[in-house]
Amino acid sequence: GDAAAAEVQLSRLRWAVLLLFSSYSLCNAFQWIQYGSINNVFMSFYDVSAFAIDWLSMSYMLIYIPLLFPVAWLLDKRGLRLIALAGSALNAVGAWVKLGSLKPHLFPVTVLGQVICGLAQVFILGMPSRIASVWFGSHEVSTACSIAVFGNQLGIAAGFLVPPVLIPNVEDVEKLAYHISIMFFMTAGVASALFILVIIVFREKPSNPPSLAQALIQSRPTAEYSYTQSVLRLLRNANFVLLMVTYGLNVGCFYALSTLLNRMVIHHYPGEEVNAGRIGLTIVLSGMVGALISGIWLDKTKTYKQTTLVVYIMSLMGMIVYTFTLSLGHLWVVFVTAGLLGFFMTGYLPLGFEFAAELTYPESEGTSSGLLNVSAQIFGIAFTIGQGQIMDHFGTKAGNLLLCSVLFLGTVMTAFIKADLRRQKASLENEQT
């Protein structure tokens, strides 16, 4: 134990790696929602249905499901650097492909660009907990994980804020194409710069392990580790399976809400595209504050189950209030309720990852967070389609009530998760020996 303890040391590069990851994650999340946040503008430009534009957002979710396991396997076999290069490269390629879709009949090209960005996302979503545990000490790992998740959230925020400002809802197709091209050029420039930075800066792992837990994992022979076995072990862990379903329900609601937000707000407040974007921004920004607070709170208290349950109950409350105030006719009320909803719903993201890492130690965090994400993507597609159809036939309130009932179910299931904190136990036993 002493030899391992002597080698444990924090690398100064860790913040650069974290920041760079957060940045290309941001760029990728921006590309996810850049169509949905001005749903109506792209519908008229490409002359396609709302459902077709919703699929631009859902394509990200769909691609993730079959590709998660091959990519997680790659992460374990080839390590962080290759995954980072692939994620940032695909993100840039997708952005450049979209530049070839600036005529109304070129919708398929935009779909192709979005599919490539969706591929990039597979190399991004499961990484926060892995980067946190490979580069950061045990007292800062939850905070690092929150910051890594942050990048993605900031990207969604930018995706709500920027497109409505850059692309006004004008009739003239030529003018519209010009405005859209500005957004696509900016994205492609940023994505390419980030790819180059990843080539230069991103390292596989620090020269010394940052924590005892990590030193133990690195000293373990790799041959005994089988990916399929790991997944099967996780799926036999009842507490983890409960968390996987409840995480999927919560985050799936968030995906559906984000994708359909522009449609909901425009329905009640016609002509308010820019404010619809700002409401999306409010949801995400308050959620980032929530995520940071919950990350710090977890590092301090280690009360995983209690925190998760409280945040879940508050998400449900927020959703109910949002549902019944959306149609009151006051935009400021929608801002307030959306902010509350975001604070808890997005604040839940790092909680889920960290709780999963606790319940499943010493399995790889990439595997557990991957399974959580798959669950979220499957529910995300189901809720987006379901809520979209309900909204078309029965109105927005009925659609939001679907999400309320889903969150209620998730809250009840969360209450049944036992807090079997294996990672805590391991570090306590290490400290005693």
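Glycine is no exception: its Cβ is also placed from the backbone N, Cα and C atoms.
Predicted automatically and left uncurated, TrEMBL annotations should be read as such.
These come from TrEMBL:
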DOMAIN    17-422  domain 'Major facilitator superfamily (MFS) profile'
TRANSMEM  15-35  transmembrane segment
TRANSMEM  55-75  transmembrane segment
TRANSMEM  82-99  transmembrane segment
TRANSMEM  105-126  transmembrane segment
TRANSMEM  147-166  transmembrane segment
TRANSMEM  178-202  transmembrane segment
TRANSMEM  238-257  transmembrane segment
TRANSMEM  277-297  transmembrane segment
TRANSMEM  309-325  transmembrane segment
TRANSMEM  331-349  transmembrane segment
TRANSMEM  370-386  transmembrane segment
TRANSMEM  398-417  transmembrane segment
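Count of Cβ pairs under 8 Å against the transmembrane segment (15-35): among 147-166, 277-297, 370-386, 398-417, the largest is for 147-166. Taken together, the residues of the domain 'Major facilitator superfamily (MFS) profile' (17-422) have an average pLDDT of 90. Sequence-remote contacts of a segment are chain residues at least 6 beyond its ends whose Cβ falls under 8 Å from one of its Cβ atoms, and for the transmembrane segment (331-349) they are 149, 153, 247, 250-251, 253-254, 257, 265, 269, 272, 275, 278-280, 282-291, 293-294, 308, 311-312, 314-315, 317-319, 321-322, 325. Against the transmembrane segment (277-297), stretch 147-166 has more CB pairs under 8 A than any other of 55-75, 82-99, 105-126, 147-166, 398-417. Distant neighbours of the transmembrane segment (105-126): 24-25, 28, 31-32, 35, 46, 48, 52, 55-56, 59-60, 62-64, 67-68, 71-72, 75, 83-84, 86-91, 93-98, 152, 366, 369-370, 373; these residues of the same chain sit at least 6 beyond its ends, with a Cβ under 8 Å from one of its Cβ atoms. Among the recorded stretches 55-75, 82-99, 178-202, 309-325, the one sharing the largest number of Cβ pairs closer than 8 Å with the transmembrane segment (370-386) is 55-75.
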